[in-house]
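Features of the protein shown, as given by TrEMBL:
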type	residues	note
BINDING	Met49, Gly214	substrate binding site
BINDING	Arg125, Ser187	ATP binding site
TRANSMEM	208-230	transmembrane segment
TRANSMEM	236-256	transmembrane segment
Amino acid sequence: MHAHELAEKIYRLFAALRDTRPLVHVVTNFVVMNQTANALLALGASPMMSWAGDDAAYMSGVSDALCINIGTPVPERISVMKSLMSLAGETEKPVVLDPVGAGAGQFRTDIARELCAFAPAKIIRGNPSEICALAAGHLSTKGVDSGISPEQARAILTGHGRPDRNADALPNGASALLASASALVVSGKTDMVLGQGKMVKIANGSELMGAVTGTGCMLSAICAAFYAVAENGFDAAVAGVAVTGIAGELAAARVVGPGFFLPHFIDRLYALREADIHQYLRAQVHCF
């Protein structure tokens, strides 16, 4: 697929999203709830940020997509996440799983692996370390111990949401996760989207996206919004990554540091045009 064709496909999904304003149910960490909701609104979607267990079944019935983020794994929230993902799997609702910090300790890693077993058509989005942790559990039949040092755990946690300059290669075992997902997003300096026998590398974005909290979490929610209007998770993930990266790139051009980056990022999501996608998209499609 040529770059022009890919840009056109992304814009068609973007236009469909704005026309339909899908209701995206986001159960995310406490740190990023506000900016995630604002990013979805600016994009053209409708956020719902409830995590109450008593209305989980009702909210699952009325929402168009679900985004699950384990950044603050309070037991009550994890129980709701499992219920919502189970319901989504039964109804084939679009789901995005963001396994924040998977690999950094057994507790968090086990939660991520348990959630990974639900909703086989989901999108999984994480950084290379998180994807490796999930892949290790998927390839094992015994329940793998996290087996990492405190220094490695610290690197996973401090690196979440920050572009990894050395992460241009696909993490070991990542493709095995496609047995339980429709698409896989590996976030790094160059983002990689896998699915349908293809890999798309997207080189948009800015280092400032790693200098504020929550850009990765917002990306996961944005992918969920696109999944609500896309035919499959792979197309949704490509569109979500591309639009988020382009908006971040355009926002960074207007600021000198992270202080004003986030409001400019929200503005760019709101004001993004078809011409911006065609002009700034930097993507390569590979078959495997």
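All positions are counted from 1 along the displayed chain.
Every residue gets a Cβ built from N, Cα and C, even glycine.
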Other than its close neighbours in sequence, what residues sit by the transmembrane segment (236-256), given a CB gap under 8 Å and a spacing of at least six beyond its ends? 6, 9-10, 13-14, 43, 94, 123, 125, 183-185, 191, 193, 195, 200, 202-209, 215, 218-219, 222-230, 264-265, 267-269, 272, 276-277, 280-281, 283
Using a 10 Å radius around its CB, how many other CB atoms surround Gly214 (substrate binding site)? 22
If you measure between the CA atoms of Gly214 (substrate binding site) and Arg125 (ATP binding site) and round to the nearest Å, you get 13
Sort out the sequence-distant neighbours of Met49 (substrate binding site) for me: same chain, 6+ apart, CB within less than 8 Å of its CB, listed by position. Val26, Val27, Thr28, Met33, Thr36, Ala37
Gly214 (substrate binding site) -> DSSP, reduced to three states, gives coil
One finds that other Cβ atoms within 10 Å of the Cβ of Arg125 (ATP binding site) number exactly 33
